């Protein structure tokens, strides 16, 4: 059983390295696409024609596949916290490639994330033995998990249809909140699929069960939703802010969902559970410290009342027609300089 946890640990570390890199590569791709077409945060899909964005997607897919396999060998409460390593990779690469400076307190935040993850890993429960996808299905339809699923769907729909149109451009928690709550269902579905595939490869065919396909459809739907809103968050906000906040929220909801569905903490001592909670708090504290040291990207202009940039001057010619001269870099203005025509004598 411990050998199984070790395999999950190694795969989770590899996954974090690829996923952390993918954030930076996708961000660069979104920046290039935004310079030549409609931005993702504005509903545009120009990034689909950007090769760099696809390279980031491939990197993320490799990381997610490693993560997918890790969930088949180890409990979610061990695999998910190791995502803290992706924060470290993302923050370091953002420092050098995106000029998003990592301050000393940010380094302390990264260190706290590593320490907290280490504590969680050392006290993680053993993976429970599951013999069929039907057994996982019984866990999924227990009243406690059905209540959690209903709550997640209600929160996600509220964020998507009410909060996103009003606050998505200015509040980082909206898009990341959608990704995080939906992501918790993604993880439990992927874990179910991973176990089904592992059992099938061992000679116990699980593909014949309809439950396997239901888990697959849920996973695909949740992944597509996550990617859409994660792209929006990356396009608007600083990468070094998106990564840790997304990690903290995603980890919290995933551990909660896994604990409810798979009953990960069943049979664990109170001291082990307390140690894991302390580790999680340490990780969340690290992300908060890292967040506090980062400057967020300015929000997009969404109305006529938003301040304009000093690089734009407005002129009022003699015929009363107003026109605008804009700087070649295409940047949005922050204030307006008005040149009024003097009376001619």
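Glycine is no exception: its Cβ is also placed from the backbone N, Cα and C atoms.
Record features (TrEMBL):
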- 6-25: transmembrane segment (TRANSMEM)
- 45-62: transmembrane segment (TRANSMEM)
- 68-93: transmembrane segment (TRANSMEM)
- 105-125: transmembrane segment (TRANSMEM)
- 145-165: transmembrane segment (TRANSMEM)
- 172-196: transmembrane segment (TRANSMEM)
- 208-229: transmembrane segment (TRANSMEM)
- 241-263: transmembrane segment (TRANSMEM)
- 269-290: transmembrane segment (TRANSMEM)
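Cβ atoms under 8 Å from those of the transmembrane segment (241-263) belong to residues 20, 23, 75-77, 80-81, 83-84, 86-87, 90-91, 109, 113, 128, 139-140, 142, 144-145, 148, 152, 172-173, 176-177, 179-181, 183-185, 187-188, 191, 230, 233-234, 280, 283-284, 286-288, 290-291, 294, 296 of the same chain, restricted to positions at least 6 beyond its ends. Put simply, of 6-25, 68-93, 145-165, 172-196, the stretch with the most CB pairs closer than 8 A to the transmembrane segment (208-229) is 172-196.
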